[in-house]
Amino acid sequence: MALNLSHQLRVLAGTPIKSGEMTAPSVDSSLSVSPPSARMHKAMNLNYKAHGADPSRNVSPPVSPVLGATRADLSVACKAFAVESAVSGVETVEEQRTYKEGGIGGKKGNGGVPVFVMMPLDSVTMGNTVNRRKAMKASLQALKSAGVEGIMIDVWWGLVERESPGAYNWGGYNELLEMAKKIGLKVQAVMSFHQCGGNVGDSVTIPLPQWVIEEVDNDPDLAYTDQWGRRNHEYISLGADTLPVLKGRTPVQCYSDFMRAFRDNFTHLLGDTIVEIQVGMGPAGELRYPSYPEQNGTWKFPGIGAFQCYDKYSLSSLKAAAEAYGKPEWGGTGPTDAGHYNNWPEDTQFFKKEDGGWNTEYGEFFLSWYSHMLLDHGERILSSAKSIFEDTGVKISVKIAGIHWHYGSRSHAPELTAGYYNTRFRDGYLPIAQMLARHNAIFNFTCIEMRDHEQPQDALCAPEKLVNQVALATLAADVPLAGENALPRYDEYAHEQILKASALSFDDEKSEGESREMCAFTYLRMNPELFQAENWGRFVGFVKKMGEGRDSHRCVEEVEREAEHFVHVTQPLVQEAAVALTH
């Protein structure tokens with residue numbers, strides 16, 4: 001099972017953006033190639049800071065008198081974060097929300113970026129009810145009063161269509177979305193066609209629908225497969241996209257029917273409360289192959305991962321592509337010299353910088369086929385989603401993984417195994433952006449809070465350069481860019497980087513004078529730590545600054561004073577949320 005990339009990256013560390021060159025500088029120092037076993041040991045045991053904050057910086061702002069006065073109460077409230085308290089709801093005061101609305105679901109104003117907050121993975125229970133209703137209501141009221149634009153909710157395929165094909169139980173989602181509407185929060189609804197559970201940060205296990213699991217048990221090739229025969233069951237292999245292998249329906253038909261049923265059930269909320277549909281495209285909901293599965297120790301950061309095209313359906317496509325190319329001998333299998341999950345590029349013949357197979361005619365053929373399979377998968381599902389949600393007033397978005405390790409190498413091996421044909425000599429994100437642009441979809445990127453220096457330097461990690469490249473690709477394709485943080489971060493050091501990433505300016509020759517502002521940002525995630533006094537104070541200030549936008553003429557001190565006022569006003573709601581969530 002693949003590690004949910006949101007979760008994988010959470011473990012990696014970070015925070016982002018700095019304008020600069022699209023491609024990392026060449027790393028041509030003559031490195032001696034370590035034996036694979038030694039390199040694997042090094043990769044598997046590499047330690048890195050999960051939160052990556054610079055210890056030499058004082059990231060905690062001085063505590064204001066207002067925040068200091070409420071800290072004791074909030075501390076007590078947060079300690080209770082487990083008892084579902086029968087406290088009465090506090091009505092949201094309209095005065096509490098004076099930030100600029102913008103982007104998705106709001107008026108663009110002077111360039112502010114609206115902030116959404118991810119809900120817990122288990123917001124809806126396996127019994128199709130809202131998990132901890134009082135806690136949820138109090139939490140949503142606190143978010144609303146702090147100026148948050150809305151929330152992001154996973155709508156799990158494995159919950160809604162669990163019992164039998166075509167039998168949809170919207171249960172807790174009906175109640176949760178009505179709750180959001182009543183409180184006045186917008187919703188980004190994620191069509192989660194992947195499995196939840198078994199990954200870092202997963203607090204709940206939600207498998208694929210039982211009837212889908214039965215079909216995979218009967219035909220194991222419906223699962224993504226690596227060259228050693230290891231199966232990955234987090235998402236149905238895209239090789240079977242158009243085959244009627246799921247009780248007479250194709251996987252794409254199943255996804256389409258699910259989205260259509262969602263539309264029909266929530267028509268009254270579309271465009272008003274539900275403003276965005278994020279369409280799941282693979283493991284973790286991202287458009288990628290499950291090339292770095294962490295469960296059972298298969299992959300460890302910063303390994304290069306492995307190609308996932310060895311199920312019989314994908315191999316059949318490869319065989320046809322090789323014959324059409326005039327090289328039928330290339331159609332029997334994928335690269336046999338691409339190493340193992342925990343190798344580094346220079347450990348392998350295929351990914352090494354000098355005379356590596358990735359930069360040969362065969363490599364170009366295989367990587368083009370592999371990446372186009374992923375793009376075709378996206379095209380099929382987006383075409384359906386676009387027709388289903390046409391004229392409903394909602395935006396469509398797709399999440400792309402932030403694979404930043406070994407970005408400074410020539411081959412960009414981890415990106416290649418995930419299906420992103422991005423190398424020192426080729427832009428792999430522009431084709432993705434262009435595909436999304438054809439369907440008027442939003443490009444959602446995941447490692448927005450990361451900084452280069454917080455990552456292991458020997459692994460040539462470069463999240464800032466990667467985000468710059470993605471931002472330039474979306475600018476060139478004229479597709480909206482949205483973002484998420486990969487780790488739960490509450491320090492101002494991380495917030496500063498998100499603010500920079502949300503409004504990038506480019507000073508290179510090609511893009512002189514250009515800028516790239518995000519249409520929305522989704523904050524990971526609502527949890528007990530968010531409601532702790534200092535974290536909440538910083539978060540409210542962060543939301544205010546994001547709402548101000550790059551073109552705001554108000555001084556930082558004025559925005560911070562207003563944020564302090566909001567912290568004070570929201571204190572009763574935050575205390576209620578903390579107490580209710582404690583149980």
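The count begins at 1 with the first shown residue.
Glycine is treated like the rest: Cβ placed from N, Cα and C.
TrEMBL lists Glu286 with the feature active site, proton donor. The feature active site, proton acceptor is assigned by TrEMBL to Glu484. What TrEMBL lists as substrate binding site is Asp154, His194, Asp202, Lys399, His404, Thr446, Asn485, Ala486, Arg525.
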Under 8 Å between C-beta atoms and at least six apart in sequence, can you list the same-chain neighbours of Asp154 (substrate binding site), or say none if there are none?
Met119, Leu121, Ser123, Val190, Ser192, Cys196, Gly285
Taking every protein chain in this structure into account, which of the recorded positions Glu286, His404, Asn485, Arg525 has the most other Cβ atoms within 10 Å of its Cβ?
His404
Measure the Cβ-based neighbour count of Glu484 (active site, proton acceptor), defined as the other Cβ atoms within 10 Å of its Cβ.
24
